[in-house]
Amino acid sequence: MAGILAWFWNERFWLPHNVTWADLQSTEEAAFPQAEDLYLAFPLAFCIFMIRLLFERFIAKPCALGLKVQANGPQKAQPNAILEKVFTAITKHPDEKRLEGLSKQLDWDVRSIQRWFRQRRNQEKPSTLTKFCESMWRFTFYLYIFTYGVRFLKKTPWLWNTRQCWNGYPYQPLMPDLHYYYIVELSFYWSLMFSQFIDIKRKDFGIMFTHHIVAVTLLTFSYVTNLTRVGTLTLCLHDVADVVLEAAKMANYCKCQKLSDLLFLTFAIVFIVSRLGLFPLWILNTTFIELYEALGNFPALWVFNMLLVLLQILHCFWSYLIVKAAYKAISKGKVAKDDRSDIESSSDEEETVPRSKTPHSTIATNGTGGANGTNGYLTGGTCSEEH
């Protein structure tokens, strides 16, 4: 194990020429980032998650109820044992052949069965209250950490001149405020990475998980190699758009449509300016050009830059979705359904009681009739689920 660690942390890979790990050991005169500091992120991530649970229950929920946010979840599908068995054991998205078989078995029309499956899928989705509480927690954290970052950075020389990120590198003492900023952000991303599996599931789950991995990797290795100055700029630049996004979501959940539209369009502008404008012109410029001019080339530099480029690719993908939604907002007068929405929509809002194909039939509507006459639709293959 010691040999593997020594190989992994090879000085010639991670550090500029003529710099060793011994040069970055803390002394009485100056403190430098140490790899052991990162262990603090794990218990702190757990604490952040527990604070979140308390915040959502005792602060966000009362606020939501006071704002008359809908507490109930999506409309529940009427009980039906046969359809429930198909839903739980076979498929949540029946194909045309299966729908026709169920239609004959239950004497329901196909559209009613499709509506039942749509309602049953939505039944497992979180309520608006749950989504509001999650957004309020993220809004509160992002607002706090962004405010902290701005107050910290406005006193630093590298905010106004990015070449100062490399002045004296790597012998740049670790300031207590910078250490706190880095560890809290890293802990938050660790908590997001794990809580994502129990949070509201959205269509970009995989992309968000990739983003969290890249963020944690960048934070970890930039801290160990003391590339923290440019790291603080990157963190602050990312947090600003997230504050506005979560505010727009909360306004939407409160049914304040005009405010939600305004905040969403503001978010779109802030996101595109910060992620597609400032990020490449400010961050990528200093890591690709100014860092190379100041320190020369070393292997870890390319690792960091490739991770930053991967972040930029994710920015471009999200910008595409944002521009598409903003275009709909302008053309239709309101923000359209979020592409990441976790509630399925329907173009029809007809009655929820299924219509029988024959007026006199009541067969199997309570899930008890026809239990033995499945026509083969409780067995067989399943269709692939949509994501």
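A Cβ is built for glycine as well, from the same backbone N, Cα and C atoms used for every other residue.
Database features, via TrEMBL:
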TRANSMEM  38-55  transmembrane segment
DOMAIN    83-127  domain 'Homeobox'
DNA_BIND  85-128  DNA-binding region
DOMAIN    130-331  domain 'TLC'
TRANSMEM  179-198  transmembrane segment
TRANSMEM  205-224  transmembrane segment
TRANSMEM  262-283  transmembrane segment
TRANSMEM  303-323  transmembrane segment
REGION    341-387  region 'Disordered'
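Cβ atoms under 8 Å from those of the transmembrane segment (179-198) belong to residues 33, 37-38, 40-42, 44-49, 52, 141, 145, 148-149, 152, 205, 208-209, 212-213, 215-216, 219-220, 223, 228, 231-232, 235 of the same chain, restricted to positions at least 6 beyond its ends. Taking the domain 'TLC' (130-331) as a whole, pLDDT averages 93 in the prediction.
Comparison of 38-55, 205-224, 303-323 by number of C-beta pairs under 8 angstroms to the transmembrane segment (262-283) places 303-323 first. DSSP places the residues of the domain 'Homeobox' (83-127) in helix, strand and coil in these numbers: 32 helix, 1 strand, 12 coil.
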